[in-house]
Amino acid sequence: MFYHLIAPLKNKTPPLTYFSKERHLKGALVNIPLRNKTLLGVVLEEVSKPSFECLELEKTPYFLLPFQIELAIFIAQYYSANLSSVLSLFAPFKECDLVGLEKIEPTLNALSQTQTNALKELQKHPASLLFGDTGSGKTEIYMHAIAQTLEQKKSALLLVPEIALTPQMQQRLKKVFKENLGLWHSKLSQNQKKQFLEKLYSQEIKLVVGTRSALFLPLKELGLIIVDEEHDFSYKSQQSPMYNARDLCLYLSHKFPIQVILGSATPSLSSYQRFKDKALVRLKGRYTPTQKNIIFEKTERFITPKLLEALKQVIDKNEQAIIFVPTRANFKTLLCPNCYKSVQCPFCSVNMSLHLKTNKLMCHYCHFSSPIPKICNACQSEVLVGKRIGTMQVLKELESLLEGAKIAILDKDHTSTPKKLHNILNDFNAQKTNILIGTQMISKGHDYAKVSLAVVLGIDNIIKSNSYRALEEGVSLLYQIAGRSARQISGQVFIQSTETDLLENFLEDYEDFLQYELQERCELYPPFSRLCLLEFKHKNEEKAQQLSLEASQTLSLCLEKGVTLSNFKAPIEKIASSYRYLILLRSKNPLSLIKSVHAFLKTAPNIPCSVNMDPVDIF
């Protein structure tokens with residue numbers, strides 16, 4: 001008999017010991033009896049015979065690959081997450097007959113000398129940062145790196161931050177890698193996922209393009225991971241376990257012979273700081289040089305005469321425009337001009353957004369909706385006005401000003417299914433649409449030859465927010481959106497902001513901004529300090545506060561040297577009827593943070609809290 005430690009899946013029970021007639025089962029998925037049920041579990045390791053009687057496990061044909069087991073254990077430890085819950089993220093492998101596909105010889109565009117030099121430099125390092133201006137040809141470098149990996153009979157993974165990036169990226173890669181390419185994201189149906197995995201098992205799929213969950217796929221002989229748009233916050237999960245896929249890739253490059261390339265035109269400050277002195281490859285300028293004119297307007301009006309004239313010229317020349325708006329819906333909030341009270345969600349301490357299409361107010365946190373009120377609840381005034389314009393309101397105003405213009409919206413409300421997303425992007429690519437209005441989705445890597453005008457509205461709402469990353473997020477967005485214009489033809493960028501003096505300093509070279517921000521960023525925040533955020537919530541505000549106070553007292557006894565603690569009410573104090581209090585831990589040493597949190601969780605297991613290591617924001 002052989003004894004094995006098993007982590008039950010989708011169950012918070014700690015690992016348990018079972019016996020088997022087989023050994024060397026590490027990573028195997030097995031059926032185990034537990035409390036009159038049969039559960040699926042993962043074998044973690046072989047152990048000595050225990051002093052108590054054990055039940056027998058039943059082996060299945062599925063198993064996790066060694067890198068998956070290693071990664072799962074790291075996630076559980078680093079992010080203070082339940083190991084069984086973490087293991088449930090991973091898709092297992094199954095041995096099967098290999099598909100005898102005809103060998104694909106990729107037909108690639110020749111790289112320029114600059115691109116060739118960049119690729120050679122990237123391949124000198126297990127992990128590196130490709131800092132390439134928009135339009136500089138990063139994707140061509142990616143494809144050559146992937147082709148070389150497949151030639152070595154290894155598999156490759158290309159991570160993209162959002163599903164909105166994948167259709168266009170897929171088309172470019174499909175022409176080159178044909179049947180070796182597979183697409184993975186959360187909107188796939190269960191049947192589509194099953195078909196995908198069967199092709200992965202047979203190694204028909206050797207290159208996966210996917211969002212962050214693709215990192216948990218069983219890619220055999222994984223040799224290369226590319227993280228495109230590495231700066232994007234979408235790589236950070238906001239649900240437990242709150243992992244950052246980009247950072248996990250860097251961990252894999254450290255533990256396994258897997259090359260990792262991070263790519264961005266606007267790299268995150270943390271990545272720039274990490275790589276700037278050792279493995280940063282700078283790719284300046286455009287692959288196809290074009291002229292771009294940047295125009296600032298100091299105004300709080302949205303559709304100004306100057307902007308309207310520019311849009312008319314775009315339509316007259318049969319070209320295209322994109323317009324960035326940070327808010328979906330018609331307006332971010334409904335305000336009473338008499339008493340200055342806004343309409344708030346009854347379950348969250350946030351304003352409700354105005355959606356005229358459905359004639360409702362909606363909370364974008366808990367999704368509560370209600371009819372649009374006719375009077376102010378606070379002072380009974382019959383006048384309510386919308387504030388902070390959204391995508392739908394921009395569409396409404398432009399349709400009245402640009403008769404006959406074909407305008408579409410790219411935001412969460414309009415891309416609820418993959419088909420809707422594809423239709424919007426394909427119509428714009430086929431020039432069936434003149435103007436595309438969108439939220440941050442519009443900034444993410446789209447490449448359209450006929451876009452000659454990029455418009456940035458409402459950027460002040462981002463750069464003036466309370467986040468310590470506010471300026472970084474705002475300037476990065478400016479660069480990304482400006483990069484959608486004049487990729488193959490000359491064009492213009494309209495930026496409406498009252499902070500033109502500040503922003504004008506950084507529009508020549510994003511590296512100028514990174515160096516400025518490194519000097520300005522307080523020592524209390526990343527990349528100079530590491531953060532861990534603990535959240536305590538309860539339907540009763542006093543109990544939520546009491547939980548955080550009890551936790552603070554316990555934590556103060558558990559803190560490692562160099563770790564500081566602050567306790568405060570969350571900036572958004574209520575979400576979905578639960579009041580929220582936060583504890584923020586800081587340290588220059590991440591290991592000290594992890595040890596402090598582990599000690600607290602062990603000392604106070606009955607104090608419920610969520611742990612967010614390396615939070616991208618504090619809200």
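Heads up, the Cβ atoms here are built off N, Cα and C, so glycines get one too.
Given the ranges 20-23, 228-231, 444-447, 540-543, the record in Swiss-Prot names 228-231 as motif 'DEAH box'.
Gly132 (ATP binding site) falls within a strand when secondary structure is assigned with DSSP.
In sequence order, Pro346, Phe347, Val350, Met352, His364, Tyr365, His367, Phe368, Ile575, Ala576 are the same-chain residues whose CB sits within 8 A of the CB centroid of Cys345, Cys348, Cys363, Cys366, the residues recorded for Zn(2+) 2 being left out. Only residues 6 or more beyond the boundaries of the motif 'DEAH box' (228-231), in the same chain, are considered here, and those with a CB under 8 A from a CB of the stretch are 129, 138, 142, 158-161, 165, 169, 246, 262-264, 266-268, 271, 444-445, 476. Gly137 (ATP binding site): 20 other CB atoms within 10 A of its CB, across all protein chains. In sequence order, Cys363, Tyr365, Cys366, Phe368, Ile572, Lys574, Ile575, Ala576, Ser577 are the residues of the chain that are 6 or more apart from Cys348 (Zn(2+) 2 binding site) and have a CB within less than 8 Å of its CB. Most other Cβ atoms within 10 A: among the binding-site residues Cys345, Cys363, Cys366, that distinction falls to Cys345.
Between the CA atoms of Thr139 (ATP binding site) and Cys345 (Zn(2+) 2 binding site) there is a gap of 43 Å. Thr139 (ATP binding site) is surrounded by 20 other CB atoms, counting those within 10 A of its CB over all protein chains shown.
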